[in-house]
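*Asks:* Submitted below is the structure of interest, expressed as structure tokens.
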Amino acid sequence: MALQSTLGAVWLGLLLNSLWKVAESKDQVFQPSTVASSEGAVVEIFCNHSVSNAYNFFWYLHFPGCAPRLLVKGSKPSQQGRYNMTYERFSSSLLILQVREADAAVYYCAVE
């Protein structure tokens, strides 16, 4: 059964170009602007960056009116509940397992 919202689907918004730490002005973080999913599916959100000396990825969840919440972090693949993080030198992805309507939020990555 597909989830319904005002847009007819659950949209996971992503904040673009978020950086935890910028070593130089040319360093950037890239994410897609939106990802759609259905209840029970697995959704994958990608994050690429150009920070040559980055050693940690951070994935955050943000609901309007609330402080961002750290979901998962590290310099190697890891899992925290329904959230899995993949890790490579210049990229990471966040997999959300068994997507629920309550997962509709802003997700963003940062590098350190």
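Quick reminder: no glycine exception, Cβ is built from N, Cα and C everywhere.
Pulled these from Swiss-Prot:
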- C47-C109: disulfide bond (DISULFID)
- 26-112: domain 'Ig-like' (DOMAIN)
- N48: N-linked glycosylation site (CARBOHYD)
- N84: N-linked glycosylation site (CARBOHYD)
- 1-25: signal peptide (SIGNAL)
*Asks:* List the residues of the same chain that sit at least 6 positions away from C47 (disulfide bond) in sequence and have their Cβ under 8 Å from its Cβ, in sequence order, or write 'none'.
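*Replies:* Long-range Cβ contacts: V29, F30, Q31, F57, W59, S91, S92, S93, L94, C109.
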*Asks:* Between the Cα atoms of N48 (N-linked glycosylation site) and N84 (N-linked glycosylation site), what distance do you get, rounded to the nearest Å?
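*Replies:* Spelling it out, the Cα of N48 (N-linked glycosylation site) and the Cα of N84 (N-linked glycosylation site) are 16 Å apart.
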*Asks:* Across the domain 'Ig-like' (26-112), what does the mean pLDDT come to, as a whole number?
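*Replies:* Averaged over the domain 'Ig-like' (26-112), per-residue pLDDT gives 90.
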*Asks:* Just counting, how many other CB atoms are there within 10 A of the CB of N84 (N-linked glycosylation site)?
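*Replies:* N84 (N-linked glycosylation site) is surrounded by 18 other Cβ atoms within 10 Å.
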*Asks:* May I ask you to report the DSSP-based helix, strand or coil state of N84 (N-linked glycosylation site)?
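*Replies:* Once the DSSP labels are grouped into three classes, N84 (N-linked glycosylation site) ends up as strand.
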*Asks:* Using DSSP and three states only, what is N48 (N-linked glycosylation site)?
*Replies:* strand
*Asks:* Using DSSP, break the domain 'Ig-like' (26-112) down into helix, strand and coil residues and give each count.
*Replies:* 3 helix, 46 strand, 38 coil
*Asks:* Look at each of the recorded positions, N48, C109, and point out the one with the fewest other Cβ atoms around it within 10 Å.
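*Replies:* Relative to the other recorded positions in N48, C109, N48 has the fewest Cβ atoms within 10 Å.
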